[in-house]
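Visitor: Take this structure first; my questions come after.
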Amino acid sequence: ATSRLLVNYQEPYRSQILDYLFKPNFGASLHMLKVEIGGDGQSTDGTEPSHMHYENDENYFRGYEWWLMKEAKKRNPKIKLIGLPWTFPAWIGRGENWPYDYPDVTAYYIVSWILGAKQYHDLDIDYIGIWNERAFNNKYIKLLRYTLDKHRLEQVRIIASDRLWEPISFVLLLDSELHGVVDVIGAHYPGTKTVPNALLTKKKLWSSEDYSTFNDEVGAGCWARILNQNYVNGNMTSTIAWNLVASYYEELPFGRCGLMTAKEPWSGHYKVEAPIWITAHTTQFTQPGWSYLEVDGHLKGGGSFVALTDGLGNLTIIIETMTHNHSQCIRPPLPHFSVRPQRATFYLKGSFYMVETLQVWYSRLGFESGNSSLFQQLHPVKVWKGSFSLDLDVDEVYTLTTLKTGQKCGCPEPPPPQPFPPNYKDDFNIRNPPFSEAPNFADQTGVFEYFVNASDPGDHVFTLRQVVVQRPITWASDADQTISIIGNFQWVNMTVTCDIYIEKPHDGGVFIAGRVDNGGIYVRRTKGIFFWVFADGTYRVTSDLAGEEILMKGLSGIRDNTWHMLTLNIQGTSASGQVNGYPLWENVTVSKPSNGWAAIGTRSFEFAQFDNFHVE
């Protein structure tokens, strides 16, 4: 759920961000885009909606991944697309928290997503994964291949298992039928190393999720090092960064662990971080289909190089000399190594002997000095009788290439940063919304979608509705309640007002909240100030999402299937609540947390509606 805030940037800023990511010879010029197949469950920084919330339900216009893939393809028609599920809707498991008991159902569900991508968006999915960082199942993978082929999707390749090198490599060596259907072994955060069994399979080896590091200079150093050394040490011919762009509230888990940062759609501010230009060193001078040359890429004085060719005479060499402390990724731990300034001589033989000059692109990560030089074009290097020498300092990246197409593009400076608007309203009155979710709301358990009440007399025709009514097959520890957060994490004093409509009789309930302090994979431990109302006519005030730390309770007179307006006012150490403009509870003492987001949500996985949201 890391692209959540990208979608409601205004133009031209939104297109500029997308250009930096996807436009060839512009910025990161990405070769592939891997998206989550939304499953209605928490996947790290939020939930993404499924194309099939319920068994008899299909909708290929939810969420933002369809839009993102189309924007990527628009800029680079050759970009490769990968889909991978983190979570699944509950009906897939028939009540069990497991997607493999009915493998034909799961295969049907995943293949439906691929077919929908083509039918509704003209998107061809190139690779499909199994289940992110969780168990794989031999029978399911074989059935997935069979189902793909049955629907004439022979060109879709299977990648497994998006976890560790084992046990998938060992199992592929044992099971020849499985070996025949898995095209790529994808491992996560391999630390540039592979294992003997993976090499023995003779499969393509990918680091199918990596990086995940704060996007400052050290993050750029991490990215530069693994982009080369995943091949040099581990024979991996693809490295995929989680995540594409940090477009989620920064206080959620892994804040700013994207190649660039775009988390302020309300101001238009974004930042092209150093990892974008480190990416360009590889992506602007190679393409999918190019081959790595089998050279020992370790430099004598430390650091590494790779060489690639298109097989048509073009050559690209990428060199990195990242030092240990300036290139540590978030995981795994990095054993000590040393790098020193050195002179390196390269020899071009065979068909490359005829190369006379190489274009040079250069980056130096500044660290202590603070003045980095990123993706600068230097004078071409003359190749003399098949060789050339370079004086390499530490923390540098060089690209030497026969290609003359590299470009460092820039857009005008984006607007300056601004905090989230201190007075924010949304009445959800939009007839044909471009997205299924209201802007800036970041769902953390459950899914909140625009809804049209055809039977409403007029005040509440257009609302926001929570639509997940059974706990999904989870990947993280989703809460038992649903919750969507919004606003500024630094907010202290606030008034939250929202019209609410409980749909579930007897034990249904909804809340509005302030000073909400957590989300993402930590959503179960969320604290804040929660004002709950229930279908049985009672209310509660709690300091936690779980509803266990009760500050106040009593009767509200609220019932289900009627609209009511709730107001929560928090000032300093005191909170009060109103229903339909009349005080219900006052002067409740609140201590922790001292600040946080506003939020709305429900007592359980249940239908409920919200309208005329206002936070000040």
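Backbone N, Cα and C define each Cβ position, glycine as well.
Sequence annotations record features per position, and here TrEMBL assigns domain 'Glycosyl hydrolase family 59 catalytic' to 1-284. Residues annotated as active site, proton donor/acceptor in TrEMBL: Glu133. Per TrEMBL, the feature active site, nucleophile maps to Glu209. The domain 'Glycosyl hydrolase family 59 central' annotation in TrEMBL covers 292-407. TrEMBL lists 443-616 with the feature domain 'Glycosyl hydrolase family 59 C-terminal lectin'.
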Visitor: By DSSP assignment, list the helix, strand and coil residue numbers for the domain 'Glycosyl hydrolase family 59 central' (292-407), in that order.
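Guide: Tallied per class, the domain 'Glycosyl hydrolase family 59 central' (292-407) gives 11 helix, 51 strand, 54 coil.
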Visitor: Look at each of the active-site residues, Glu133, Glu209, and point out the one with the fewest other Cβ atoms around it within 10 Å.
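Guide: Sparsest of the active-site residues Glu133, Glu209 by Cβ contacts within 10 Å: Glu133.
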Visitor: Restricting to the domain 'Glycosyl hydrolase family 59 C-terminal lectin' (443-616), report the mean pLDDT as a whole number.
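Guide: A mean pLDDT of 97 is what the model gives the domain 'Glycosyl hydrolase family 59 C-terminal lectin' (443-616).
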Visitor: Looking only at C-alpha atoms, tell me how far Glu209 (active site, nucleophile) is from the residue listed as 'active site, proton donor/acceptor', rounded to the nearest Å.
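Guide: With distance taken Cα to Cα, the residue listed as 'active site, proton donor/acceptor' is 10 Å from Glu209 (active site, nucleophile).
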